[in-house]
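*Asks:* Here you go, one structure.
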Number of protein chains: 4
Amino acid sequence: MAGNSFGNIFKLSTFGESHGAAIGGVLDGCPSGIEINLEAIQKELDRRKPGQSAIVTQRKEPDTVEFYSGIFEGKTTGTPIGFAIHNTNQKSKDYSHIKDSYRPSHADYVYDQKYGFRDYRGGGRSSARETASRVVAGAIAKQFLSEIEINAFVSQVGTMKLETPYQELDFSNIEKNPVRCADMEMASRMEDYIKEIRKEGDTIGGVITCVAKNVPIGLGEPVFDKLHAELGKAMLSINAVKGFEYGSGFEGVQMKGSQHNDQFNQDGSTKTNHSGGIQGGISNGMDIYFNVAFKPVATLIQPYETIDKDGNTVQTQGKGRHDPCVVPRAVPIVEAMTALVLADYTLLNRTIKGKE
Amino acid sequence: MAGNSFGNIFKLSTFGESHGAAIGGVLDGCPSGIEINLEAIQKELDRRKPGQSAIVTQRKEPDTVEFYSGIFEGKTTGTPIGFAIHNTNQKSKDYSHIKDSYRPSHADYVYDQKYGFRDYRGGGRSSARETASRVVAGAIAKQFLSEIEINAFVSQVGTMKLETPYQELDFSNIEKNPVRCADMEMASRMEDYIKEIRKEGDTIGGVITCVAKNVPIGLGEPVFDKLHAELGKAMLSINAVKGFEYGSGFEGVQMKGSQHNDQFNQDGSTKTNHSGGIQGGISNGMDIYFNVAFKPVATLIQPYETIDKDGNTVQTQGKGRHDPCVVPRAVPIVEAMTALVLADYTLLNRTIKGKE
Amino acid sequence: MAGNSFGNIFKLSTFGESHGAAIGGVLDGCPSGIEINLEAIQKELDRRKPGQSAIVTQRKEPDTVEFYSGIFEGKTTGTPIGFAIHNTNQKSKDYSHIKDSYRPSHADYVYDQKYGFRDYRGGGRSSARETASRVVAGAIAKQFLSEIEINAFVSQVGTMKLETPYQELDFSNIEKNPVRCADMEMASRMEDYIKEIRKEGDTIGGVITCVAKNVPIGLGEPVFDKLHAELGKAMLSINAVKGFEYGSGFEGVQMKGSQHNDQFNQDGSTKTNHSGGIQGGISNGMDIYFNVAFKPVATLIQPYETIDKDGNTVQTQGKGRHDPCVVPRAVPIVEAMTALVLADYTLLNRTIKGKE
Amino acid sequence: MAGNSFGNIFKLSTFGESHGAAIGGVLDGCPSGIEINLEAIQKELDRRKPGQSAIVTQRKEPDTVEFYSGIFEGKTTGTPIGFAIHNTNQKSKDYSHIKDSYRPSHADYVYDQKYGFRDYRGGGRSSARETASRVVAGAIAKQFLSEIEINAFVSQVGTMKLETPYQELDFSNIEKNPVRCADMEMASRMEDYIKEIRKEGDTIGGVITCVAKNVPIGLGEPVFDKLHAELGKAMLSINAVKGFEYGSGFEGVQMKGSQHNDQFNQDGSTKTNHSGGIQGGISNGMDIYFNVAFKPVATLIQPYETIDKDGNTVQTQGKGRHDPCVVPRAVPIVEAMTALVLADYTLLNRTIKGKE
């Protein structure tokens with residue numbers, strides 16, 4: 001099955017190439033009767049859009065979403081929500097540097113190999129522009145899940161790592177700095193570092209931490225569709241992601257069981273939370289938290305050598321305005337994908353118990 | 001959708017509780033005409049089974065698979081392959097220590113919350129015994145994918161980490177030591193360490209690295225079903241897994257784009273492989289490699305305090321014979337899930353191009 | 001996707017060939033906590049089994065189902081229900097008349113063409129023996145749907161058609177005659193006719209009518225998964241079925257809208273029910289009723305001419321003991337598939353409305 | 001799963017309400033490299049659109065499709081094809097006659113019951129306007145399946161039934177008359193009859209016959225996803241359809257096996273084709289043919305009595321311009337759904353055999 005849909009019940013299908021007429025999607029399975037705040041959706045899109053600060057790409061894309069269906073008199077109707085974001089910036093451009101050659105660590109080469117040819121304009125379907133559709137759907141999922149609080153933030157840029165446990169951070173800081181780090185002092189250092197990287201025409205990786213609070217007990221569908229397995233897939237489907245860990249993650253490997261086990265309180269909550277809010281693939285009511293690793297963006301504003309379609313070596317030069325570090329703009333995408341998973345699993349969980 | 005199926009075309013559905021009558025599965029979508037070596041399947045099961053060495057659980061489960069359908073005259077027929085592994089060891093036991101109380105960091109509590117009650121015998125559905133069915137199906141997938149070589153091995157136990165790049169390891173070592181480490185000297189140290197942990201009645205985590213060679217170019221279904229996203233989900237669905245990273249992974253975060261980008265050779269291969277054999281979610285013909293983090297097993301052979309169904313504190317004691325470290329037996333499971341993903345994506349990729 | 005699964009949430013996957021070791025299935029997504037009456041399941045199987053009367057095949061197949069998982073202490077656990085029916089009758093037989101030649105209007109030829117070869121023993125996967133697994137799962141669905149009454153009965157055999165409206169029939173007659181006709185006098189005539197057909201070594205078609213009462217309002221998922229569309233698919237997936245109609249069906253074509261429209265009573269019920277209990281693909285609380293057309297069984301006990309694998313004309317002779325008319329034994333299958341659809345759509349309908 | 005997607009690999013998701021901003025869809029899984037004739041797509045839409053002749057509704061909807069993605073340089077790219085048809089006619093109208101009352105035999109009542117409320121403008125999601133999106137996707141499927149010829153035509157209106165076997169009809173007649181009957185003389189009688197019905201403000205049902213020629217051997221995925229089961233579901237998902245039969249259909253019930261069986265020719269074709277081109281759920285290379293029954297449209301231009309939301313009896317009057325008989329405009333929809341099924345099953349069939 002072509003892989004452009006996500007979710008089982010609360011299901012998003014997206015379409016669109018970077019420089020085509022429009023991107024958009026169909027969100028099917030959103031329950032009826034949910035009040036929709038259109039401004040809140042646009043606000044999420046604005047968190048993702050280019051040009052919002054000095055440390056992201058300076059391209060101009062207003063990214064205004066139009067809804068075509070599924071919302072009536074301010075509420076969802078239970079029918080599919082179709083939407084599109086038109087590309088206002090779709091003039092004919094010079095794509096000669098990418099049309100016939102393959103940018104290193106981009107998808108150009110594999111798309112040509114897999115599909116026989118590709119829409120080479122601005123990365124085509126492999127562009128992260130597609131994630132704007134996810135942000136739209138995720139914003140709707142958030143409105144469905146109004147009890148659950150989802151906060152993502154940048155916890156690492158290059159080697160600069162925020163070591164403070166998330167419980168001690170003030171999430172209200174996140175939107176107060178362009179890096180979207182939850183610590184203002186670290187944010188400031190990260191910002192300076194990213195600016196430096198940009199001057200070099202280079203890029204740098206980062207980590208986003210996401211915390212979901214007030215998740216009800218019982219979400220998750222073992223044995224294959226464990227909650228963290230689906231969250232992991234959701235995160236790994238975002239452009240540039242190289243790793244996912246939840247709870248104790250890769251560091252938990254070093255612990256002994258006697259340290260790692262989360263002892264119960266009498267109300268079923270646990271004294272520690274190495275489990276990351278998920279046991280046996282099912283949410284246990286504690287905070288869900290996880291880390292997502294992003295590689296440095298492959299597009300550099302430097303001259304580089306690569307090959308063309310015929311295997312000839314060619315000299316070329318990165319053009320345009322790209323992100324020196326992808327994580328600040330990826331924060332709303334991580335939240336959106338988290339919301340999509342939680343909305344879907346909330347609906348799945350309605351089908352588990354008992355008679356009608 | 002209840003989460004007991006994995007795959008789109010090459011699709012496994014499993015059933016069975018730890019101490020029920022049988023576990024097993026249905027493998028649908030395996031193409032017709034594949035010659036099946038039944039001994040090779042049983043051999044994979046034997047790699048996973050308890051009692052195979054001094055550092056794994058000493059339970060006796062012969063784990064003999066019976067095939068019911070889908071294989072005829074030594075070949076797959078293209079119809080579903082039904083199979084079962086009967087539990088020979090299914091006598092009435094004393095489950096009083098888990099029937100009414102919740103073991104810390106197990107799924108007992110969340111199963112009761114989600115489903116209203118649970119099969120408490122030996123962990124029921126949440127037991128890792130279910131993975132035997134995955135190993136059966138994965139062994140069939142391997143026979144379908146005969147060109148692709150999949151090797152997993154233990155690369156970390158607790159803090160003991162094998163730092164040698166996989167390219168310099170001799171994979172023929174893996175089955176020569178009970179840890180399934182690809183380095184004999186490290187294997188020996190890990191083995192001693194695990195024995196020590198066992199004496200304490202404690203457990204320890206570990207990491208498995210997996211390498212897939214000769215994967216054809218083009219596997220992967222962007223944008224949501226990227227090859228690494230599905231591999232990540234597959235791995236995270238294995239019991240006790242807390243993290244997944246591929247290619248440069250979490251360490252790649254610290255690199256600059258100019259270091260991280262994989263430059264092309266003229267034949268389309270790349271000089272480095274930080275991408276881990278996958279670009280834009282599609283295999284590029286280079287080795288695919290990834291790491292999977294396993295937490296320490298939650299079952300300890302120590303007295304511990306926990307709560308019962310009514311929230312009362314109870315004293316209890318781990319019983320039976322459990323694994324001090326799960327990774328040696330998890331190696332064939334990681335390989336099996338890798339094979340299942342690659343088989344499925346191989347079939348999906350047949351549908352991508354051109355006219356009939 | 002290989003087509004051996006049915007349903008979205010309440011999902012059955014079946015396996016097994018006619019003369020293999022066993023047939024069976026995995027029923028995933030059955031909610032937890034449903035009390036299971038195993039005798040009632042076996043009773044449904046007995047309604048389908050061969051040898052139950054003088055007008056069906058005289059083969060001996062006890063068809064005893066074994067459950068492997070998913071039921072504990074008399075109730076469903078919410079985990080997959082694995083089951084098998086072992087073939088007790090699996091001695092080596094003489095299949096020479098079908099191994100290398102193709103029986104007319106059977107699936108022999110197309111299976112060989114599609115899959116490259118086939119399990120030729122007794123029809124292999126294309127045998128109606130597979131439907132025993134559906135009856136098992138359907139019997140569980142009935143226990144989940146205890147409020148809904150599903151009654152199927154034979155309404156036509158050859159040209160003998162029961163014209164009485166179903167509302168005037170006494171469904172308690174159905175199990176009182178071997179034809180499973182709801183009218184005793186017509187049943188007797190049909191029985192005589194089928195016996196005559198059997199003497200000729202010939203076969204005859206028939207129609208089954210099915211009525212579902214007490215279906216709650218709201219089942220059905222427009223626009224593609226309308227309730228009647230899924231019921232139609234379910235019925236058409238049964239061996240030998242050639243047609244499906246619901247409500248006014250093919251005869252409704254001749255009516256004018258002014259006659260056909262179902263006027264409302266003040267409580268939302270309708271004065272007539274040409275709609276067949278479904279409007280716009282969604283149940284409206286009225287009785288759901290539909291007809292299913294079965295062709296005459298292709299296996300004749302007569303000499304016939306056909307072709308072999310190489311296209312040579314061969315003379316052969318139907319052997320064994322086959323059904324002269326398939327509809328009496330198909331009644332429990334129609335009910336089972338109806339129950340599977342209604343169970344699945346009942347669960348889907350839980351996901352439609354409002355906030356959590 | 002919300003039911004707004006159709007197909008497994010070649011998968012269409014539609015969105016849109018009758019009088020919303022736009023209807024449209026996402027077609028995922030269309031293979032890459034297919035040359036797309038946009039005019040041919042628009043021509044199919046024009047066959048479905050209102051106002052094309054004197055016997056269909058006189059509403060004005062230009063139904064111009066806009067493509068947003070997935071087609072580049074005249075060919076499909078293998079990425080999702082997003083498209084929309086904007087509603088040009090979306091001015092504020094008087095919906096008072098349907099806002100608070102329920103039209104008999106429409107979906108108004110069940111939508112309110114299922115979803116809690118509904119978009120009442122012009123039928124909302126339950127309107128047949130949605131099928132325009134299917135026609136777009138079906139037209140693309142036809143271009144993918146260029147070898148296969150699909151012809152649908154009206155074979156019955158009310159009691160006027162075309163008895164000529166399809167083999168003796170000249171399909172080039174179909175587009176030469178507004179009824180889309182394949183016989184000109186019958187077409188003329190049907191046309192007169194429909195005009196008469198319209199004058200009465202009444203409506204009448206009809207039957208569409210569809211024939212697919214040159215379907216390759218091997219399409220169909222037993223046991224549940226038999227080719228005719230999926231075709232049946234596809235047809236039954238079209239608004240107003242009440243029945244489906246293929247090959248000998250409901251009449252075949254009256255035949256004996258000795259008459260009904262299709263004897264083989266030496267090349268594997270059959271002398272007769274009661275099977276309707278499908279045996280055991282798999283195409284056998286012969287013509288596939290089937291009938292689809294449509295009820296009389298529920299919207300009448302007559303005064304009628306019904307109930308409002310509170311169960312009060314109200315007098316109302318059908319307004320606007322509606323179809324006296326739906327079948328002429330449904331012909332391209334039947335063809336489109338047939339093409340979608342055949343495209344999907346063509347792709348599924350690529351995954352069945354042998355090694356990579």
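Just so you know, glycine gets a Cβ as well, placed from its N, Cα and C.
Automatic, uncurated: that is what TrEMBL annotation is.
Keep in mind that what you see is a predicted model, and the values were worked out from it rather than measured.
Marked as NADP(+) binding site by TrEMBL: C:R48. The FMN binding site annotation in TrEMBL covers C:R125, C:S126, C:S127, C:N239, C:A240, C:G280, C:K295, C:P296, C:V297, C:A298, C:T299, C:R321. Annotation comment: TrEMBL describes C:258-277 as region 'Disordered'. If you look up TrEMBL, you'll see C:258-276 marked as compositional bias 'Polar residues'.
Help me picture where these features are in the structure shown.
*Replies:* Taken residue by residue with DSSP, C:R48 (NADP(+) binding site) is part of a helix. The local packing around C:R48 (NADP(+) binding site), expressed as other Cβ atoms within 10 Å of its Cβ over all shown chains, amounts to 26.
For C:R125 (FMN binding site), the same-chain residues that are 6 or more apart in sequence and have a Cβ closer than 8 Å to its Cβ are C:G16, C:E17, C:S18, C:Y111, C:R118, C:D119.
Residues 217, 228, 246-249, 252, 284-290 of the same chain sit 6 or more residues outside the compositional bias 'Polar residues' (C:258-276) yet have a Cβ under 8 Å from a Cβ within it.
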*Asks:* Against chain B, with Cβ pairs under 8 Å, which of the binding-site residues C:A240, C:K295, C:V297 show up? Give them in sequence order, please.
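*Replies:* Correct list: none.
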*Asks:* Could you measure the widest C-alpha to C-alpha distance across C:R125, C:S126, C:S127, C:N239, C:A240, C:G280, C:K295, C:P296, C:V297, C:A298, C:T299, C:R321, the residues recorded as binding FMN, and give it to a whole number of angstrom?
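*Replies:* With C:R125, C:S126, C:S127, C:N239, C:A240, C:G280, C:K295, C:P296, C:V297, C:A298, C:T299, C:R321 as the binding residues for FMN, the largest Cα distance is 45 Å.
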*Asks:* Count the other Cβ atoms sitting within 10 Å of the Cβ of C:K295 (FMN binding site), across every protein chain shown.
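*Replies:* Its Cβ has 27 other Cβ atoms within 10 Å.
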*Asks:* With 8 Å as the upper Cβ-Cβ limit, not reached, which of the binding-site residues C:R48, C:S127, C:A240, C:V297 neighbour chain D?
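*Replies:* It is C:V297, listed by sequence.
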*Asks:* Which whole-number value in Å describes the distance between the Cα atoms of C:R48 (NADP(+) binding site) and C:V297 (FMN binding site)?
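*Replies:* One finds 16 Å between the Cα atoms of these residues.
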*Asks:* Looking only at C:A240, C:V297, which of these binding-site residues has the biggest number of Cβ atoms within 10 Å around its Cβ?
*Replies:* C:V297
*Asks:* Count the other Cβ atoms sitting within 10 Å of the Cβ of C:S127 (FMN binding site), across every protein chain shown.
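*Replies:* Here the count is 21.
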*Asks:* Counting each residue once, how many in the compositional bias 'Polar residues' (C:258-276) are helix, strand and coil under DSSP?
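*Replies:* Reading the DSSP string over the compositional bias 'Polar residues' (C:258-276) gives 3 helix, 2 strand, 14 coil.
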*Asks:* Work out the three-state DSSP category of C:R125 (FMN binding site).
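*Replies:* It is helical.
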*Asks:* Return the count of C-beta atoms lying within 10 angstroms of the C-beta of C:T299 (FMN binding site), excluding that atom itself.
*Replies:* 23
